[in-house]
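I have placed the structure first, in the form of C-alpha cells, so that the comments after it can refer back to it.
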C-alpha cells in the first residue's frame, strides 16, 4: 500500500480508506480466526496434544491451555500500549502481528503427543502452552491499537463508521475459521485430520500474518499522536540541550509519513536535537501504564464497568451457547455451526448501524443504557427459547446478536475519549483485554457454575441471570462515567485530542 496523503487533510479516497481499515484489521481477523479454530477443532486437538482415557482430564487440560492466551492479554496490552504510546501506533501494530505470525507458524509445525509421524510426548502440550502465551501477548496489543490507529487517522465525520467497519474483522475471522474447519472435517478422514489436517488453519494464518506485516510497514502515523509526542518532547526538553552530534537514521522519520508538513518538520527537527532529548522526555512522562493508573484510574474502572455486559454477552453466545446447542439441545454439529455463522451477519449489521449513529451524534452513555436494558431482556427469551426448534435457535440468536453488535460498536470509539493521546493505547487496550479477555473469557465458566446451582427446571436461565447481573454493572458504569466525564454523555463530536 502506498503512503496515503496527509490524514489531517482528510483527502484519502474511499479506496485508500478501505486499504487502511483492511490492513489495520488483518491482525484482528487472525486473532479471532485463531480463537475460533481452537474451538472448532477441539475434538481433534484434544487427541493430538492431550490423549488420555479420562475425558474430563482431557477437556480440562485442553481448555486450560486455551485460557492461557486470555491470561496474557492484559499484560500484552501494557507492553504494546507502551510501544504505541511511546514510539507510535504503527510500530505497535507491526510488532504485534510479527509475534502473532511467528507463534502461529510454530503451532502449525509442532510435534504431537503420540500421533505419527512427529511425536514429542509431554513436550508437545508444553510447547503449545508456551506458544499460546505468546499469542495472547500479541493479541493484547492488536485490536486496541488498531481501534486507536483508525480513530485517530480518520476524518472526524467518518470515525464511527470506520471503527465499526474495523470491528467487523472479528466476524470475518470467526466465519473464516468455522468455514475452514467445516471444510476440513468434511473432506478428509479422521486419521488425516489427526496427522496433518489440524495444521492447515495455523499455516494459512501464518501466511496471512506475513502479508499483513509487509503491508503495515508502509502505514502512516496519525497526526494526533505525532503532535502530542512533539509537545511532550518540547516540554521535557525545555531548559535542556540535546546531543547535537547524534544523527537521525533515515528510517527514523518513517513514522512521520502522513503528518501535516509543519508537524513533520517540527518532529524531524526535534529528533535531530539528539537522543538525549528523547531520553529526557521518556524520563519525564514516565511509562504510559504508570501515568494512566496515576492520573486516570477511575476512568479505567468505569470503562471496564461500561463494557462488562457486552463482553459477557458476546462470549456467552459464541462459545458457551455453541456448545450448549450440541450437548443439551442435541442439535447436529452442522446446524450449530450454521447458527453461529449466520448470527454473525446481524452482529455486523448492528456494528455498522451504531457506527453510523455515532457519526450522526448518538450519545454513548444513553445508547449503552438502552442497549443493555433491551439486550438483558432478550437474553431471557434467547436462552429459554433456543432449544424449542432450530428455527427458534436461528431467529433468537440473530436478534440477540444484532443488539450485541450495536453494543460492541458503542464501547469502542466513544471510550477512546476517556484517555489522553499519550496514554490512549495503553488505557483502552488494557480495559478492552480485561473486559473481553477476563470477564468475557470467564463467562462460560460462570454460567456453568450458576447452572449447577439452579434447579433443573430453571437451569436454562443461568446465562440470562449472568448477563442480567453484568447489565447492572454496565448501567452503573454509564452513570459513573456521566459524573466522571460529562462530555461522554453528549453526542460524539469527533475530536479525540
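Every residue gets a Cβ built from N, Cα and C, even glycine.
If you look at the transmembrane segment (20-41), the same-chain residues 6 or more away from its ends with a CB under 8 A from one of its CBs are 1, 4, 12, 66, 69, 93, 96-97, 100, 104, 135, 138-139, 142-143, 146, 149-150, 153, 162, 165-174, 176-178, 180-182, 184, 198, 201-202, 205, 208-209, 211-212, 215-216, 219, 318-319, 322, 337. The transmembrane segment annotation in TrEMBL covers 20-41 (among others).
The domain 'Major facilitator superfamily (MFS) profile' feature in TrEMBL is assigned to 20-489.
Beyond the ends of the transmembrane segment (61-80), by six or more residues, the same chain brings 35, 38, 42, 45-46, 49-50, 52, 92, 95-96, 125, 128-129, 132-142, 144-145, 289, 425-426, 429-430, 432-434, 437-438, 441 to within a C-beta distance below 8 angstroms of the stretch. Residues or ranges marked as transmembrane segment by TrEMBL: 61-80 (among others).
Here TrEMBL flags 92-110 (among others) as transmembrane segment. Panel annotation: around the transmembrane segment (92-110), residues 24, 26-27, 30-31, 34, 76, 80-81, 83-84, 120, 124, 127-128, 131-132, 134-135, 137-139, 141-142, 145-146, 149, 199, 202-203, 205-206, 209-210, 212-213, 216-217, 219, 425 of the same chain, lying at least six beyond its termini, place a Cβ under 8 Å from a Cβ of the stretch.
Residues or ranges marked as transmembrane segment by TrEMBL: 122-150 (among others).
Residues or ranges marked as transmembrane segment by TrEMBL: 162-184 (among others).
The transmembrane segment feature in TrEMBL is assigned to 196-215 (among others).
Positions annotated as transmembrane segment by TrEMBL: 298-318 (among others).
Look at TrEMBL and you will find 338-358 (among others) tagged as transmembrane segment.
Sequence-distant contacts of the transmembrane segment (365-386) (same chain, six or more residues past either end, CB-CB distance under 8 Å): 306, 309-310, 313, 317, 321, 324-325, 329, 354, 357, 392-393, 396-397, 399-400, 403-404, 406-407, 410-411, 460-464, 467-468, 471, 474-475, 478, 481-482, 488-489. For 365-386 (among others), the entry in TrEMBL reads transmembrane segment.
Taken from TrEMBL, the feature transmembrane segment applies to 392-413 (among others).
Residues annotated as transmembrane segment in TrEMBL: 434-454 (among others).
Nonlocal intrachain contacts for the transmembrane segment (460-485), taken as residues 6+ away from its ends with a CB within less than 8 angstroms of a stretch CB, comprise 298-299, 301-313, 316, 320-321, 365-366, 368-369, 372-373, 375-376, 379-380, 382-384, 387, 417-418, 439, 443, 446-448, 450-451, 454. Summarising the annotation, TrEMBL assigns transmembrane segment to 460-485 (among others).
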Looking at 122-150, 196-215, 298-318, 434-454, which one has the highest count of Cβ pairs under 8 angstroms to the transmembrane segment (392-413)? 298-318
Would you kindly check 122-150, 196-215, 298-318, 338-358, 434-454 and say which stretch has the most C-beta pairs under 8 angstroms to the transmembrane segment (162-184)? 338-358
Look over the recorded stretches 122-150, 196-215, 338-358, 434-454 and say which has the most C-beta pairs under 8 A to the transmembrane segment (298-318). 434-454
Folded-back contacts onto the transmembrane segment (338-358), same chain, C-beta under 8 angstroms, at least six residues removed: 159-165, 167-168, 171, 174-175, 178-179, 317-318, 322, 325, 331, 364, 367, 390, 393-394, 397-410, 413-414, 492
